[in-house]
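As recorded in TrEMBL, the features of this protein are as follows:
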DOMAIN    A:131-256  domain 'Phosphatidic acid phosphatase type 2/haloperoxidase'
TRANSMEM  A:6-26  transmembrane segment
TRANSMEM  A:47-65  transmembrane segment
TRANSMEM  A:99-123  transmembrane segment
TRANSMEM  A:135-155  transmembrane segment
TRANSMEM  A:215-235  transmembrane segment
TRANSMEM  A:241-259  transmembrane segment
Amino acid sequence: MLTQVLVQLVVVVTLMIAVSVALFVGRHRLRVTRTEWRTRLRDTAPALAVLTTVLLFNSIARQIVPDLSWMIGWNLTWAIYDIEGQFILWLQSFETPAVTAYFSFMYIYGYVFALTFPVVAYFALADTRPLRELLAAYTLNYTLGLVLYVFVIAFGPRNMMPELVEALLYDTYPQYQHLTRQVNRNTNVFPSLHASLATTVTLLAYRTRDRYPTWFYVTLGLGTSIALSTMYLGIHWAIDVLAGFGLAYVSVSLARVLVDRWSVSAWLASIRGRDADDDCEVDSSSDHT
Amino acid sequence: MLAASVGLSVSTSGCLRHVRSIVNRNEVEQLSLTITTLSADGDRESIQLAQDIGATLEAAGIDIEIDMQSREAFRRSILINHDFDIYVGRHPGDIRPDFLYETLHSKFADESGWQNPFGFTNLTFDTYLERQQRAGGEEREQAVNQTLEALALEQPFVPICVPHEFRLVRTDRFDGWKQGHLATRMGYLGLDPPTTEEAVLRAAHTDSRPSQNLNPLAVEFRNRGLVTGLLYDSLAVPRWSEGGTDAGDSDDEEPNGIDEDGDRTYSPWLGADWTWNENENEDGDERTENGSGIDTDLDPDADLEPTGTLTVTLREGCQFHDGHELTADDVAFTVDFLSDTTRDDNEFPAPSPRYRGHIDPIADVTKQGNELEFTCTASEPVAKRVLEIPILPAHIWGERTETASIPAITVADGTTEALITDNLPPIGSGPFQFENRTQREFVTLERFDEHFTRRESVALPEASAETLRIRIDPRSTSAIELVETDEADVTSLALESYVVDDVLEAESEREQISDSDPLEVIESSTGSFYHLGFNARTAPFSNPRFRRVIARLIDKEQLVSDVFYGHARPIAAPVTREWTPDSLAWTGTDPETPFLGTDGELDVEAARAAFEEAGFRYDDQGRLRVRY
């Protein structure tokens, strides 16, 4: 059942990306990309490697985080519920099958699309900085998010008020349970990574709006829908979503500062230069971390 | 000068004393309590009950907070650390009322596990429990009634309801699901076809804990021990008595292939045969003459005289999954080990948190070849509970007696390796042996071909499938989908109440369309019940008057319809129908602690009056104030 859901996800998202590439990226950029992809890939390889490492580490860490949290974490569910109480209920009062279908689609497909398309779109730019910032911001989201997950135990609204907040996604489309439980634990709702990653994409889209003007408006819609979907489906509290916005802001700002601070390619080039020419000077302080 | 200072000190000391006697009076504060319970993923009904009860308590002027925990964390807080005010959860219960002994006897107040998590201590109550433990025949029934009536009066915990259990099965690959209870090992044995080579029996299990830990003693990880029951054998299998069931069709409950041999309460398993010999000197006359029970009851420190001996003949030639022979030594070891997992009189004793009540009446074990003789200090039906314990291999568990240690961390006394090990791979002697597992994904068990049920000469239900694959699936809705799409044969845990109506509706629709549909809904009886537990170690929960008022704030009838959609039986006594005394039978309302209000709506004035009558006070803002 999991494979079936996964295949469906891959097919749908690939289609969405294909259409978006045609709409936003354009033939010209693709043509240039075909000639430049090697250098661009080499430029972004370090950022990509860091992200991959963090994601791999994340998938292992997620096995132990719940145990660790129950030992040292704070259980904030009641505090969150006490503060915002009825907001989720109000949001769910707009429930209709069509709305549920829309938000379920956004939560699963919209989210994966929102995360993957910018990678393709920024790769198609001659300037690799947006892509590297994007990858760095993703890395920061996952790292900081994981730290928060260790220290905060919080169950989502569907766990707190099962009869009032319907777990719309899992009851309407039980098959998705198989997918999301691969990624999420029910005590890891603060902050909402759905909200933070979608917001990260939106913030970066704003900064690249001169190159992809329409994409920025699309991400506004996507980001809002994804953030709303997590609450509408009873998975996250409003506070988790706000924390997600905060995390996105921090991640994007940090990524901006950190990217280009250390250049692996310059360092490699300098090594190569030294090999070739022995009296080449190496400024070790700014090369290697 | 001196006189002046003396004079001063005299006058100030008088003044100070006055100030001190004012200041040293502790503030009477608003009662603020935490309801510990499980998240909806852990137990949907528990959090709903906690929410509803919490709202009512708030209406009565109590400040509440709900502490949601995961399945293990919940059990660790309640059963091991006793770190809670009140909790709402499910008790494993039993089909016979003997579990009340360890649940409420004050001598267990300091132990961990389901034995007295409430810290309830009451010497009079202890004598009732002891009488129930030792009485036989008709007197036993009276003793049970007396205990239950005292329980309804004292409310050490508030029994709420017994849920009806529904499971969805497929009958096209395996049939005969109604022969054994699906919450026990017997439900998965003796299925038709009798033997299928290479066939896989697929269970959808909504609890991930068996994939993380298969230790039969780890109370945090076990509900009623279904999976460990398949891996470990007991000496006998308790029979579900007729008439005591909560399900409609109780005729199908009797396990098949077992002939009537005079014992109506247990059928043979690892123990082929057993006899009970009542001691002569402990005759029934002596007790009844005394009026209210045995005279030793009045002295809580008196050593109990043995009441009889239970002689069990072990089936020959049985072995554990690793090829070691299972002998009487292993059985004797297990009984000894469960009472103290350190096996050392000098060390801080660490009794097992599970099966404690089962072995408590066993004073001594002697073995002779294949025969074991248990000297017991309880009546026959109570002593026979020892037949239910899982038999552990001595050569493995004998090495788990040391206190567990982590470098640089102080470990609580009595935390032996045996209690915390995840016991993977588990080596038992049961009809299935462990094959592999992936955490939170699945557990695979293989048929153990050396098991005695596989022998020609043994007419007991045997494992028909070669493999039992337990697939972890966190929600009832997706578990149902797995059975419907032929990816699973059975939902091994009871379905959550909120999906039951849909499942029943779907079944009646299917019945109208065709007779040959492979899906079937199975309803089974249970002794398990939902309850609200008090931590009677602290004020005000130590006060029975307080507990009684709280009990009266709970509208069980309404909760059954709101939370369980009617698929539960509200109770005043935490036992099966058969054992419920007439005085505590449900009559549409609680016979002992009726709800203060109507249709779930609390009568706030009446609740206040009840608290005030119990000696508590309200402030002018309607807050209940107590002295801690």
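Cβ coordinates are placed from backbone N, Cα and C, and glycine is handled just like the others.
What TrEMBL says about a protein is an automatic prediction, not a curated fact.
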Recorded stretches the transmembrane segment (A:215-235) and the transmembrane segment (A:99-123) touching, at least 3 CB pairs under 8 Å: yes
Close approaches to the transmembrane segment (A:6-26) from elsewhere in its chain (Cβ under 8 angstroms; 6 or more beyond its ends): 108-109, 112-113, 116-117, 120-121, 124, 179, 212, 214-215, 218
Close approaches to the transmembrane segment (A:99-123) from elsewhere in its chain (Cβ under 8 angstroms; 6 or more beyond its ends): 9, 12-13, 16-17, 20-21, 24-25, 33, 37, 40, 44, 130-131, 134-135, 138, 168-169, 172-173, 176, 179-180, 194, 197-198, 201, 204-205, 208, 212, 215, 219, 222-223, 225-226, 228-230, 232-233, 235
Helix, strand and coil totals (DSSP H, G, I; E, B; other) for the domain 'Phosphatidic acid phosphatase type 2/haloperoxidase' (A:131-256): 93 helix, 4 strand, 29 coil
Per-residue pLDDT averaged over the domain 'Phosphatidic acid phosphatase type 2/haloperoxidase' (A:131-256), given as an integer: 89
